[in-house]
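Worksheet: one structure, shown below.
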């Protein structure tokens, strides 16, 4: 039985009714092509580029890390980015509706939406920390530049360090003012969460409320508003990066720091940890496999050729990471020069420590108006956070609107802001960073990798690379090259599967600052991961029971592996053209390939 025969008796009245409904809806679109480009740049160029890439690169071979990073960018990052943009533009819907192409795998999109929801809560909490530092940057003396009496002898100022270089700080039990300010004045951080996470810090809660107010304000007006905001969100960070780069390279000792950053350790190329780090960095950097890119692309004009956009966005994303690395190690090189420290590695802290300890500590030592550079730096981080969270929020709202089209945009944006703010308060507690680390690993990083593999399998083998390339030709009139076909069907899912297997084999109990979590925290974490991963079988079963009751078990099973009746371009006229296009292709389709290897060859190469 052919696909047309399987679906033939169902297309009639339901399809006509769907076309009338779709045609009555005015599709939201970007104001122009540039808005889409800048929106994707503001989404992809985020906090991960500024504080994660420099530290990850240094930890994994310095300049050598750039090699696997660029390779992974070419065979995972760019192909998946291109795939998601094309998929969203073709169907004109949010990420869950996009999986009407393969209903059995719709749980992949549902899991990605949950991961995006978890991400937006802790991203907003980082924005709150950034805003808190931004406000403090207007002080006549930067508050993290000097010790406070209540910190006691544990605090050691730069002027007191003298011969004692920075590498001796932690080993001697003393800490810099910047580190103590972050832990004691900003976070009021607990040593562990065995007794709970404590009560929220009202100052951070206020900054969190301001952050969500801005996020909600952009989201309420929909894609038109976020598109206009993207001009600023996409450009301003680069202006600040260039200013900071110029300042960094003119500091004494900066050149040594930059050389240290790029100094290659070739033996690291054989270390699987380096390749794992490169894959995770590309995921975080480009924001792929979270549903946000599909959502943004759904607002594009149907026939737009996005190939050049993909090249521009992914190249700018990589360049921003490299620039951030040069700034980071230029500043840290200067810090090592001033303290007489020859070991630059000792002044590096990763994650939040790089953004809120190492950078502020170095900026406080600037001779010329350190407050101005602090304001620029934290304003840049805040703007980057807005760009990322607006993209995540748009994805969540679009999924709900696809299901309940009668609901206006503003109540959904308002509801998301209130709910997001309420959940994010947990990160404003003294034990909040423990929870953030827990949610990031179990609810986002771990599940995202598995769901990403599912996305590639859904499009590459359930829907089929061959059919997807036929859709691309219908949409933009170009033939897809062999490079993209092989990446989508073999290379990208194969490498990601290898990374997943390595991750599972090397899985260690999660810690935060080398502090173990209580058992209940790990139970919560695995429940969070299960919530995302159980979407896969859950949605498959749901789609099975949504099939025609008169179908046999076998026919129902086959149906959920075929595109649903709702699959296709959103515009009614374009959809009609597409259905005729598919009929003509199927009428001329060859049946020469019968065996599995022959069908696989046909899927990738014909």
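Each residue's number is its place along the chain shown, starting with 1.
For all residues, glycine too, the Cβ spot is worked out from N, Cα and C.
These features come from TrEMBL:
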- 34-53: transmembrane segment (TRANSMEM)
- 45, 285, 384, 388: Na(+) 1 binding site (BINDING)
- 49: Na(+) 2 binding site (BINDING)
- 65-87: transmembrane segment (TRANSMEM)
- 108-135: transmembrane segment (TRANSMEM)
- 147-155: disulfide bond (DISULFID)
- 202-223: transmembrane segment (TRANSMEM)
- 235-262: transmembrane segment (TRANSMEM)
- 274-298: transmembrane segment (TRANSMEM)
- 310-332: transmembrane segment (TRANSMEM)
- 373-400: transmembrane segment (TRANSMEM)
- 412-435: transmembrane segment (TRANSMEM)
- 441-462: transmembrane segment (TRANSMEM)
- 482-503: transmembrane segment (TRANSMEM)
- 523-545: transmembrane segment (TRANSMEM)
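What TrEMBL annotates, mapped onto the structure for a quick look.
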residue: 45; record: Na(+) 1 binding site; Cβ neighbours (10 Å): 29
residue: 49; record: Na(+) 2 binding site; Cβ neighbours (10 Å): 27
residue: 147; record: disulfide bond; Cβ neighbours (10 Å): 19
residue: 155; record: disulfide bond; Cβ neighbours (10 Å): 20
residue: 285; record: Na(+) 1 binding site; Cβ neighbours (10 Å): 25
residue: 384; record: Na(+) 1 binding site; Cβ neighbours (10 Å): 26
residue: 388; record: Na(+) 1 binding site; Cβ neighbours (10 Å): 26
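For the transmembrane segment (274-298), the residues of the chain that approach it from at least six positions outside its boundaries are 36, 39-40, 43-44, 46, 48-49, 52-53, 56, 59-61, 64-65, 68-69, 71-73, 76-77, 80-81, 84-89, 91-96, 98, 109, 112-113, 115-116, 119, 268, 306, 314, 317-318, 321, 388, 391-392, 394-395, 398-399, 445, 448-449, 451-452, 455, 495-496, 499, 502-503, judged by C-beta separation under 8 angstroms. Between the transmembrane segment (310-332) and the transmembrane segment (441-462), fewer than three CB pairs separated by 6 or more residues in sequence fall under 8 Å, so the two stretches do not touch. The two recorded residues residue 384 (Na(+) 1 binding site) and the residue listed as 'Na(+) 2 binding site' have their Cα atoms spaced 10 Å from each other. Nearest by CA distance to residue 285 (Na(+) 1 binding site), out of the recorded positions 49, 147, 155, is 49.
Looking at the residue listed as 'Na(+) 2 binding site' and residue 388 (Na(+) 1 binding site), their Cα atoms lie 12 Å from each other.
When each of 34-53, 65-87, 373-400, 412-435, 441-462 is scored by its Cβ pairs under 8 Å to the transmembrane segment (235-262), the top-ranked stretch turns out to be 373-400. Outside the transmembrane segment (34-53) by six or more residues, the chain places 85, 123, 126, 226-228, 230-231, 233-235, 237, 281, 284-287, 292-293, 296-297, 299-300, 309, 312-314, 316-317, 320-321, 324-325, 350-352, 354-355, 359, 380-381, 384-388, 390-391 with a CB less than 8 A from a CB of the stretch. Below 8 A, the CB atoms of the transmembrane segment (202-223) and the transmembrane segment (441-462) form no more than two pairs separated by six or more positions in the chain, fewer than 3 in all.
Here the transmembrane segment (412-435) does not touch the transmembrane segment (441-462). Their Cβ atoms form fewer than 3 pairs under 8 Å, with each pair 6 or more residues apart.
Between residue 388 (Na(+) 1 binding site) and residue 155 (disulfide bond), the C-alpha separation comes to 36 Å. Cα separation, residue 147 (disulfide bond) to residue 45 (Na(+) 1 binding site), rounded: 35 Å. Counting residues 6+ beyond its ends, the transmembrane segment (65-87) has Cβ neighbours under 8 Å at 40, 56-58, 98, 101, 262, 268-269, 274-275, 277-279, 281-283, 285-286, 288-289, 293-294, 296-297, 300, 306-307, 309-311, 313-314, 318, 322, 452, 455-456, 459, 468, 472, 475, 484, 487-488, 491-492, 495-496 in the same chain. Distance noted between the C-alpha atoms of residue 155 (disulfide bond) and residue 45 (Na(+) 1 binding site) is 35 Å. Same-chain neighbours of the Na(+) 1 site beyond 45, 285, 384, 388, judged by a C-beta within 8 angstroms of the site's C-beta center, are, in sequence order, 42, 43, 44, 46, 47, 48, 49, 50, 237, 287, 317, 320, 387.
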